[in-house]
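Structure first, then comments.
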Amino acid sequence: MSQFSYQDGVLHAEGVSLSVIAEQFGTPTYVYSKAALLANFAAYADACRGRDALVCYAMKANSNLAILDLLARQGAGFDIVSGGELLRVLAAGGDPRKVIFSGVGKSVDEMRLALSHDILCFNVESIPELHRLNEVAGALGKQARISLRVNPNVDPKTHPYIATGLKASKFGVAFDDALATYRAAAQLPHLDVVGIDCHIGSQLLDDVPLLEALDRLIELIDQLGAEGIELHHLDMGGGIGIDYREQGEAPPVPVGDYLERVFARVDAWRAARHNGKPIKVIFEPGRSIVGDTGVLLTRVEFLKHGEEKNFCIVDAAMNDMARPALYQAWMDMQPVVQDGAEAAVYDIVGPICESGDWLARDRALAITAGELLVMHTAGAYGMTMASNYNTRGRAAEVMVDGATPHLVRQRENPADLYALESVLK
Ligand SMILES: *Cc1c(COP(=O)(O)O)cnc(C)c1O
């Protein structure tokens, strides 16, 4: 059930009118629904109930402390991609022993920080990274638990920028090199080889490629077992897509159905070849936890009618929401107030001095200058990708809980933006 719905012709987040939020907090503002967030996490948690499984929220999708806090209280672990993200987990009260650390370029300092907090696992992506981690752990007198990110070379059929499991991708270890890389890892004295992981892409509407990847991981785990390298967990990565409401686009696979198919496959395999001995299964969902829990609220500055195009110029821009500019992503936009005005077709653009600064193209909208619009399904890869281009302070963030809006991030002031700068003496 969507937590964003029209009540008496005005769009609400749960019980709060978005017009009221705009008055109280200004625009542009990201508005999140707590109930939607908890429901999305529950879809994973319910499917995992009674199993040896862990849901590690991929926090690069949205790392606001309020979101991390709510998820940590529900028992979530976290998939991090930097030392900064680990510090956010700690600041939000998350458990570092449920943290896995992904990414192709972990620095020595980041490794030290993660080891000092005894994180669950490093998802290692290359041989040089194995050696660096072994050295850093040795110097600290610690053992690092590791998994190898294997590139199963299945085509996720998504946008090339968010496909990550193909041979030509910068991520992971090639499938054909995986055995040799595991053998090398097993020789390093300060590493404990505990798992295997993959992440084949994002916004996958179908779980067929994910289940194909699972089969390839299973194949490797069996080959490793035959050599005496026993893995304790298998990590499916993230990637389940969400409904951006684009016309004609298929709905994404329900999370519960996907997890059920993974567990059924894993159970059948363990029963047949490991005498029923279980293996822990980890998921790293990002978008499917937060994507549909947020909207970007923006106000129309001007309507500009041209010979070939009409432009709806709003106060949000590509620095607030980069997905359209970056991936040509289609995101639904609607007026906050349905007032029956006559519709025209617009490109919805921001004030930034770039032609790439657009949020949506060719949309029929009944809107007048000064009114409010929302961009739907903006909870994932929205605020976390925001920048200060054009010295624009980043948007405020508000989380609605029932009838109460909570400011969970203040709007940045221009003075904040140059506070760390200095002129030559
Ligand atoms: C980005 C990322 C995820 C999350 O992907 P979604 O498509 O948002 O679910 C999970 N794991 C890794 C390694 C990632 O880089």
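Every residue, even glycine, has its Cβ placed from backbone N, Cα and C.
Among the candidates Y346, Y381, the residue that TrEMBL names alongside R287, R323, Y327, E354 for the substrate site is Y381. In the record from TrEMBL, residues E284, P285, G286, R287, Y381 bind pyridoxal 5'-phosphate; the candidate from G225, G228, G239 listed for the same site is G239. Of the residues the record lists as binding substrate, namely R287, R323, Y327, E354, Y381, the two whose Cα atoms sit farthest apart are 27 Å from each other. Taking Cβ-Cβ distances under 8 Å and a sequence gap of 6 or more within the same chain, the neighbours of G239 (pyridoxal 5'-phosphate binding site) are P156, H199, I200, G201, S202, Q203, L204, L210, P285. Here the Cα atom of Y327 (substrate binding site) is found 11 Å from that of Y381 (pyridoxal 5'-phosphate binding site). Looking only at the domain 'Orn/DAP/Arg decarboxylase 2 C-terminal' (30-379), the predicted model's pLDDT averages out at 95.
The Cβ of E354 has fewer other Cβ atoms within 10 Å than any other of the binding-site residues E284, E354.
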